[in-house]
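As annotated by TrEMBL, domain 'CWH43-like N-terminal' applies to 20-228. Look at TrEMBL and you will find 21-44, 73-93, 105-127, 139-160, 180-197, 203-224 tagged as transmembrane segment.
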Amino acid sequence: MDNLAPPEPDLPHHRHHIPYYVLPLISAAVWIGTLWAMMIVWLAEGQPFYASMSETQSIAYISDVGADILRPLFITGCAITGIFFFLSLCATRSNHDLLRRKERVLDWASIISALVGAVSLIMLAVMDTLRHPDWHRGWLLFFMLGVVLSALFTTIEYRFLGKTFRQTKIIYLSYRFKQFIVIVEVALSISFGACMYKKKHNAGAIIEWLIAFLFTFYVLSFFFDLRPRASTKGIMTPEELHELRERQRQTRRPGIQRFFPQRRDVDPGQGGTVNGGV
């Protein structure tokens, strides 16, 4: 009989997926491409006056351009941007050890806010300013609130992560960059709301374009957060994690000793007290 070779053992099949840091790149690339395409078309056509524009308005809002011939592009761009922006926020959970309860709460708050922003971005494109002006303004408000709140929660979360994982410099840099984005976005959003209220549409349109382009850089910041070098998974040993959690439990306990500090031990033979006794 011929000698038969023993069957090879079954090797585990590893599932491969695209790197998570590609998600924000797709979102940012589609968004910036959509914005540039809309702006170039509006300028190339000689800055036309759209039906959705106010009589005193000469600079088109993004939504004015998106409600006209480029409506399919606007809807598609907003949908892809919103979906991949939300997925980017979800992917950050897999890249970090969230050790504190407040870090996990902030992370969930950021993801939920991002979901609100992503859905609102899609809906404001579908319900455009020409056919559904009131609905469009409402979805625009929810989009701006969702993005600002998501950025705020993410910034605070990264502040805590930077304190826990001081050896990961990129976390601190990401926190500082997001902090800058939040401050500028909030200031621009307030200015945009004031221009809308006072019907200064040209100034409002300029601010809206600035907010939209700035949103691109916020999305791109997650590219660096999702890189393997930014991961905090497995940085701490089990002993270090246990020690950190013990310190966290002690800080959450009622601080009785803060109000009644224990005295140092003194030798009774010298007429003192022991362990604070009388």
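Each residue, glycine too, has its Cβ placed from N, Cα and C.
No curator has checked TrEMBL annotations; they are predicted automatically.
Across the candidate stretches 21-44, 73-93, 203-224, the maximum count of CB pairs under 8 A to the transmembrane segment (105-127) is reached by 73-93.
Among residues of the same chain six or more beyond the transmembrane segment (203-224), those with a C-beta under 8 A of the stretch's C-beta atoms are 21, 23-25, 27-28, 31-32, 35, 39, 57, 59-62, 64, 81, 85, 88-89, 91-92, 144, 147, 151, 170, 173-174, 177-178, 181, 184-185, 188-189, 191-192, 195-196, 230.
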